[in-house]
Amino acid sequence: MSSAPNDDCEIDKGTPSTASLFTTLMLSQPSSSTAVLQCTYCGSSCTSSQLQTCLFCGTVAYCSKEHQQLDWLTHKMICKSLQTSGMVPSNLMPQAAPAVMAPIPPTVSFDDPALTTSLLLSLQNNPILNQTISNFPPTFSITSKTEPEPSIPIQIPQRISSTSTVPFSSEGSAFKPYRNTHVFNSISSESMSSMCTSHEASLEHMSSASLAMFPTSSTAQSDISRLAQVLSLAGDSPASLALVTTSVPSTASTATIPPPATTTSSATSSGKSETITVGKEKIIQTDDPDIQIIETEGGSKPTVSRTRKRPTPSNSADPKINYKDHNKNVVYSTTLQEHQKHLQNRGLALSIHQAMVLRLRYIAEHVIRSLNEFGWAVVDNFLGSDHYKFTAKEIERLYERGLFSPGQLMEAKHKDEFHIKDIRSDHIYWYDGYDGRAKDAATVRLLISMIDSVIQHFKKRIDHDIGGRSRAMLAIYPGNGTRYVKHVDNPVKDGRCITTIYYCNENWDMATDGGTLRLYPETSMTPMDIDPRADRLVFFWSDRRNPHEVMPVFRHRFAITIWYMDKSERDKALAKGKESDAACASKKENDPTSSSLNSLIGSLLRPRKNPSTHDLSKLDLRLFPSTSSDPALVSAADEDRVDISADFQSTSSLAHPESTDSGVSLSTFNVAHNHMERTTSLQSISDHFRSERSHERRSSTSSDQDLDEGLPPPPSTNPEYYI
């Protein structure tokens with residue numbers, strides 16, 4: 001091969017293109033015996049022993065490590081494109097400083113059309129290559145002797161016929177190699193030409209002498225012609241296509257350049273639909289970003305329409321889900337005393353009860369925003385430092401009375417006892433005010449009433465019409481490694497829409513005690529760990545948007561769970577259950593072998609087993625009264641109330657007798673007060689909440705926005721942290 005003349009080394013500024021970049025990087029085969037090498041960054045001539053080749057692609061070389069680091073910002077996009085496209089040979093091993101091998105492009109066989117054209121498209125969309133670079137030194141110059149070189153086979157992907165089936169795979173489909181829709185969707189013909197001009201100007205350092213290294217055989221001319229066809233399908237300009245053929249010495253056979261495919265882009269004024277014509281196939285954009293409609297036009301045949309799904313990487317996230325950073329979900333942690341002090345500083349002298357009601361409104365606003373944006377919310381210091389201690393004592397006292405039973409599963413009838421324990425090993429008790437053994441659990445009743453007060457403000461603020469709730473489920477996880485595997489609370493649409501969990505575990509260490517609530521939100525790429533610390537209340541959607549699990553527990557862990565029901569979904573679930581029960585009853589009646597006596601004997605002889613969680617939730621469901629259009633919380637049962645001879649207690653009744661912290665206790669109660677007096681005060685607070693809510697419902701005429709009018713802004717000194 002004759003050495004390239006000097007005038008050929010200076011290429012026309014208007015002709016370099018993706019074709020020259022492709023042929024220079026991938027198709028040049030210089031002779032290593034007479035090669036004169038230069039540094040890619042500074043252009044200084046060096047011997048092969050002084051140059052350091054790129055360890056990843058082997059296509060560039062540098063005279064020093066500093067020049068390689070300075071040029072990495074420019075080279076890394078091409079280097080990564082070569083690696084991801086599979087263009088780097090497998091025998092390329094990292095070498096510190098090759099002594100004999102010159103830093104020339106490795107020999108690559110372009111038998112795979114997908115790799116060939118995907119490399120072209122990746123180089124065309126390279127943001128670094130689209131920048132105009134002036135007076136950029138050449139990568140390396142080559143002076144070689146005249147010697148024949150073998151031709152490199154290039155295979156061009158064939159056009160898809162109208163009747164062929166479109167294959168799809170995660171690695172690449174038949175549409176991906178040479179018809180990249182992202183290239184044509186957002187650019188017009190003018191912007192395409194300007195992009196090509198800018199792209200061609202950025203490749204001035206590529207020499208046209210590299211094109212003279214192609215052999216002059218007819219096979220090479222055919223390969224170049226087919227290469228030009230690929231570049232035309234990839235969107236290269238006609239000027240750049242001419243560079244591929246005119247720079248090669250012509251022989252008896254002349255390479256012909258096929259006209260570039262007609263690409264037409266039209267959109268309606270509203271911008272909802274977009275039509276792209278490539279050859280005889282027309283791609284119609286749809287509202288769904290994953291679906292396209294392709295119309296193939298034939299001569300006398302009718303138009304054939306088909307739909308196909310755009311290829312997405314198998315390891316990528318679901319494009320339909322809007323993923324968010326859930327670490328930005330702030331925890332509400334303002335205490336009641338801090339809230340009252342903030343109101344007093346603003347000139348609002350409110351009693352402790354008024355401040356508590358106002359604080360519940362602020363909590364509701366925080367929970368509504370977090371649920372609508374992230375699907376879960378966390379509130380700390382919900383009851384207060386004294387109340388949560390008595391909540392834990394009451395749960396432990398109920399556990400010692402034998403009211404708890406092992407937790408069951410909805411599908412427990414299909415599993416053995418050991419399998420159930422392996423999935424769920426907690427002990428639960430459905431709190432019932434009619435149960436005389438749980439009559440002294442006054443703090444639990446106060447907690448339920450306060451959570452109901454928060455839920456009361458959800459009306460017309462979320463996508464569910466809350467019409468009831470379940471009874472409170474008191475759960476204890478014994479500290480012997482018990483757990484609850486990953487699950488969904490409501491996978492079958494039984495009516496539960498919001499799950500609330502209250503923790504009362506004092507001095508909880510997540511590192512040593514375990515018991516973490518691990519939440520898997522639908523819009524989060526990573527799970528969220530919520531430690532069950534004392535006086536923490538957690539809200540999250542009960543459906544498949546929030547799978548969760550309880551990690552192994554190594555210390556007694558107390559939790560109180562309440563599910564709030566969507567009215568329409570719950571009614572449908574109950575109606576479906578009644579239909580199923582009626583079908584089972586009619587089947588038993590039609591069975592001649594069954595009789596009432598046999599059923600009675602069978603029920604007496606059948607071993608009794610604990611009802612499942614689903615059955616208990618059906619039995620213990622408390623629906624809101626349906627006589628009013630506004631949701632009204634359940635009133636306390638007669639058995640839940642405590643006889644109160646005196647009038648409403650003072651504000652000092654909020655503090656427990658055992659409290660010694662002056663910063664928390666707001667009273668001068670005598671320590672000698674017994675537990676019945678404390679129970680009486682808590683019951684009076686609960687009754688006071690119900691009376692205030694009833695008064696608010698009577699005075700309110702619209703939504704919660706009326707209640708928020710005239711409210712002071714939330715405390716600016718709210719201590720916030722991230723989970």
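Cβ coordinates are placed from backbone N, Cα and C, and glycine is handled just like the others.
The feature Zn(2+) 1 binding site is assigned by Swiss-Prot to CYS39, CYS42, CYS63, HIS67, with sequence analysis given as support.
Annotation comment: Swiss-Prot describes CYS54, CYS57, HIS75, CYS79 as Zn(2+) 2 binding site, evidence class sequence analysis.
Sequence-distant contacts of ASP489 (Fe cation binding site), defined by Cβ-Cβ distance under 8 angstroms and a gap of at least six in the same chain, are ARG496, THR499, SER542, ASP543, TRP563. For HIS487, ASP489, HIS548, the entry in Swiss-Prot reads Fe cation binding site, with the evidence type sequence analysis.
For ARG557 (2-oxoglutarate binding site), the Cβ neighbour count at a 10 Å cut-off comes to 22, with all displayed protein chains included. The annotation 2-oxoglutarate binding site is assigned in Swiss-Prot to ARG557 on the grounds of sequence analysis.
Taken from Swiss-Prot, the feature compositional bias 'Low complexity' covers 249-270.
For 687-699, the entry in Swiss-Prot reads compositional bias 'Basic and acidic residues'.
Residues or ranges marked as domain 'Fe2OG dioxygenase' by Swiss-Prot on the basis of sequence analysis: 468-566.
Feature annotation from Swiss-Prot assigns region 'Disordered' to 249-275 (among others).
Per Swiss-Prot, region 'Disordered' is recorded for 294-323 (among others).
Here Swiss-Prot flags 678-723 (among others) as region 'Disordered'.
Summarising the annotation, Swiss-Prot assigns zinc finger to 39-79. Summed and averaged per residue, pLDDT over the zinc finger (39-79) gives 83.
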For this session: Would you kindly give the Cα-Cα distance separating HIS67 (Zn(2+) 1 binding site) and CYS57 (Zn(2+) 2 binding site), rounded to the nearest Å?
Result: 17
For this session: List, in sequence order, the residues of the same chain other than CYS39, CYS42, CYS63, HIS67 whose Cβ lies within 8 Å of the centroid of the Cβ atoms of the recorded Zn(2+) 1 site.
Result: GLN38, THR40, TYR41, GLY43, SER44, CYS46, TYR62, SER64
Exercise. Out of CYS54, CYS79, ARG557, which of these binding-site residues is nearest HIS67 (Zn(2+) 1 binding site) by C-alpha distance?
Worked result: CYS54
Problem set entry | Cα proximity to CYS54 (Zn(2+) 2 binding site), best match among binding-site residues CYS39, CYS42, ARG557 | CYS39
For this session: Pop the Cα-Cα gap between ARG557 (2-oxoglutarate binding site) and CYS42 (Zn(2+) 1 binding site) into the table, whole Å please.
Result: 67
Problem set entry | Residues within 8 Å of the CYS54, CYS57, HIS75, CYS79 Cβ centre (excluding the Zn(2+) 2 site residues themselves) | PHE56, GLY58, THR59, VAL60, LYS76, ILE78, LEU82
Exercise. Can you tell me the three-state DSSP label for HIS548 (Fe cation binding site)?
Worked result: strand
